[in-house]
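Peer 1: The disulfide bond annotation in Swiss-Prot covers C91-C168 and rests on experimental evidence. Among the features that Swiss-Prot reports, N-linked glycosylation site is placed at N4, N164. As annotated by Swiss-Prot, topological domain 'Cytoplasmic' applies to 49-53, 113-134, 204-231, 291-333, with the evidence given as sequence analysis. The transmembrane segment annotation in Swiss-Prot covers 28-48, 54-74, 92-112, 135-155, 183-203, 232-252, 270-290.
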Amino acid sequence: MPANYTCTRPDGDNTDFRYFIYAVTYTVILVPGLIGNILALWVFYGYMKETKRAVIFMINLAIADLLQVLSLPLRIFYYLNHDWPFGPGLCMFCFYLKYVNMYASIYFLVCISVRRFWFLMYPFRFHDCKQKYDLYISIAGWLIICLACVLFPLLRTSDDTSGNRTKCFVDLPTRNVNLAQSVVMMTIGELIGFVTPLLIVLYCTWKTVLSLQDKYPMAQDLGEKQKALKMILTCAGVFLICFAPYHFSFPLDFLVKSNEIKSCLARRVILIFHSVALCLASLNSCLDPVIYYFSTNEFRRRLSRQDLHDSIQLHAKSFVSNHTASTMTPELC
């Protein structure tokens, strides 16, 4: 096929394939992501007062993942039925929620890595660091991310329909934007939203690895460093597996949708690659609970059989006690 071949419908042959990938991926993610993140919130709530090691950031990361997971049934419906009957408002909100989840996940993964790194490298300086500061950092992060991600739905339109079919998600048409402005926005977004966070996580990983090379480390200190390194490495792994492919394919996909790339073969390859990258970007919703389990001792302890049994009994006794007290209290007229 000639390189300068222009497609009238470059995605026509790949639409069913891409829809199938999305539907299968989101179905696979849905149940593990829902159960895993609900369990994560329950566990973190239980030991929130016991530790200062980034638990507030982990709670916010689990909330971000849970919001994404709760929108998956609507995405699955669309990709199975090839139509969106729920109105443009809900479509744009779910589309917007995808990016909020992604960049909130990136933000809180960075916060977790930096917090563990600081506790490791400067234990006395940050030993008495109060959780309220982590709460303020989390609130500020949510506000910035929610405002910044408004740009994504603003660059799409929900007015286009094909016959009786209403488009949503990846099929939303892109608004006409000047190419120079698009390049500037994408460059700023890539640098702030991915490159800088990735460099921060890689720096924390590198410095933690160097700290393990001390000639005479104390046994307790060595154990703390190994646990911190495990957590930071898993954060870096999520970045590279889930978010790197998307941030590489996103500018290319934008150029395809803006008709700046004319080669039919190149357009089809980019659309398929971007579809796979989108699926990988959603995978973090069920990967994060696995990370908590394998990199956090408290998480494993809390989910152990005995601790789980004791916690359920404690919650049951608390519920019965509160219910009994409320029924014995006379009603006020």
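Including glycine, each Cβ sits where the backbone N, Cα and C put it.
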Peer 1: Any contact between the transmembrane segment (92-112) and the transmembrane segment (28-48)? By contact I mean 3+ C-beta pairs closer than 8 Å, pairs at least 6 apart along the chain.
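Peer 2: No, the transmembrane segment (92-112) and the transmembrane segment (28-48) are not in contact.
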Peer 1: For the transmembrane segment (183-203), name the stretch out of 28-48, 135-155, 232-252, 270-290 with the most CB-CB pairs under 8 Å.
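Peer 2: Checked against 28-48, 135-155, 232-252, 270-290; highest Cβ contact count belongs to 232-252.
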Peer 1: So are the transmembrane segment (270-290) and the transmembrane segment (135-155) touching or not, going by 3+ C-beta pairs under 8 A with a sequence gap of 6 or more?
Peer 2: no
Peer 1: Would you kindly give the Cα-Cα distance separating N164 (N-linked glycosylation site) and C91 (disulfide bond), rounded to the nearest Å?
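Peer 2: One finds 16 Å between the Cα atoms of these residues.
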Peer 1: Where else in the chain does the transmembrane segment (54-74) make close Cβ contacts, counting only residues six or more beyond its ends and a cut-off under 8 Å?
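Peer 2: Residues packing against the transmembrane segment (54-74) from afar: 26, 29-30, 33-34, 37-38, 40-41, 44-45, 47-48, 86, 90, 94, 97-98, 100-101, 104-105, 108-109, 111-112, 115-116, 131, 134-135, 137-138, 141-142, 282, 284-286, 288-289, 292, 296.
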Peer 1: Enumerate same-chain residues with a sequence separation of six or more from N164 (N-linked glycosylation site) and a Cβ-Cβ distance below 8 A; give 'none' if the list is empty.
Peer 2: D83
Peer 1: Could you tell me the mean pLDDT the prediction assigns to the topological domain 'Cytoplasmic' (291-333)?
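Peer 2: Over the topological domain 'Cytoplasmic' (291-333), the predicted model scores a mean pLDDT of 55.
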